[in-house]
Amino acid sequence: MFFLISFLWLLPTSFLFFFAILSPNWITFTKLESNEVILVQRGIFSICYVLSSNSTYETKQCVPMIQQRTSTEPERWIYGLALGCASMAIICVIFSIIMLFLSGIYFQLRRHNEKKLRYLLFMCLLLFIIVGASLSVWALLISETYRLGITANHRRFNWPIWLAIVSTIGYLVSFITMFSSFLIIYRRNNNMELHVHRLREKF
């Protein structure tokens, strides 16, 4: 029962996180360059500079994070934090896909034996790593913002970063319910072994 609840949290949370990291505009702020105010849109994998905009369209110049060190202003960005943020996002996505695949296998396992218990414990550990990775994504992005001297407030943070925070909460709930499932099965197995041992002692 608890494992099913965990899976029902994990599935939509994974899709929400996938959608969030693919969205380009996590943080928006302005910077002054050559007496001109430029709007900057920061995503997980790229940085976009809005060169011009009107009510119909806007012109952007986007730089992938992997190329940021060799861009025109590498000193403006903390390359290590930015690269770490992108790496954690990729790790979280890969592990989430693996978790969904492993969950499908778990539903096919019928016997509650020691192997199934170890399998469930491995899934709990993997999900714990996912929680940490998803937390690191937006935590590193916010840290990078502070290191750049940009005042962080809710107006600068756009909906993808809030969606990522909600996803972290979803992953955490999924982990708690899955670990609860592990503890219940572990306790049940121990009680059964103890009961069998007592019956053997009687006979």
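Backbone N, Cα and C define each Cβ position, glycine as well.
Sequence annotations record features per position, and here TrEMBL assigns transmembrane segment to 6-27 (among others).
Here the transmembrane segment (77-107) has Cβ contacts under 8 Å with residues 3, 7, 10-11, 14, 17-18, 21, 44-45, 47, 65-66, 68-69, 116, 119-120, 122-123, 126-127, 129-130, 133-134, 136-137, 140-141, 143-144, 147-148 of the same chain, all six or more residues outside its ends. Annotated transmembrane segment per TrEMBL: 77-107 (among others), in sequence order.
TrEMBL lists 119-141 (among others) with the feature transmembrane segment. Counting residues 6+ beyond its ends, the transmembrane segment (119-141) has Cβ neighbours under 8 Å at 3, 6, 10, 17, 21, 26-27, 42, 44, 81-82, 84-85, 88-89, 91-92, 95-96, 98-99, 102-103, 106, 109, 161, 164-165, 167-168, 171-172, 174-175, 178-179, 181-182, 185 in the same chain.
Sequence annotations record features per position, and here TrEMBL assigns transmembrane segment to 161-186 (among others).
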Where else in the chain does the transmembrane segment (161-186) make close Cβ contacts, counting only residues six or more beyond its ends and a cut-off under 8 Å? 1-3, 5-7, 9-10, 12-14, 16-17, 19-21, 23, 26-27, 112, 116-117, 120-121, 123-124, 127-128, 130-131, 134-135, 137-138, 141
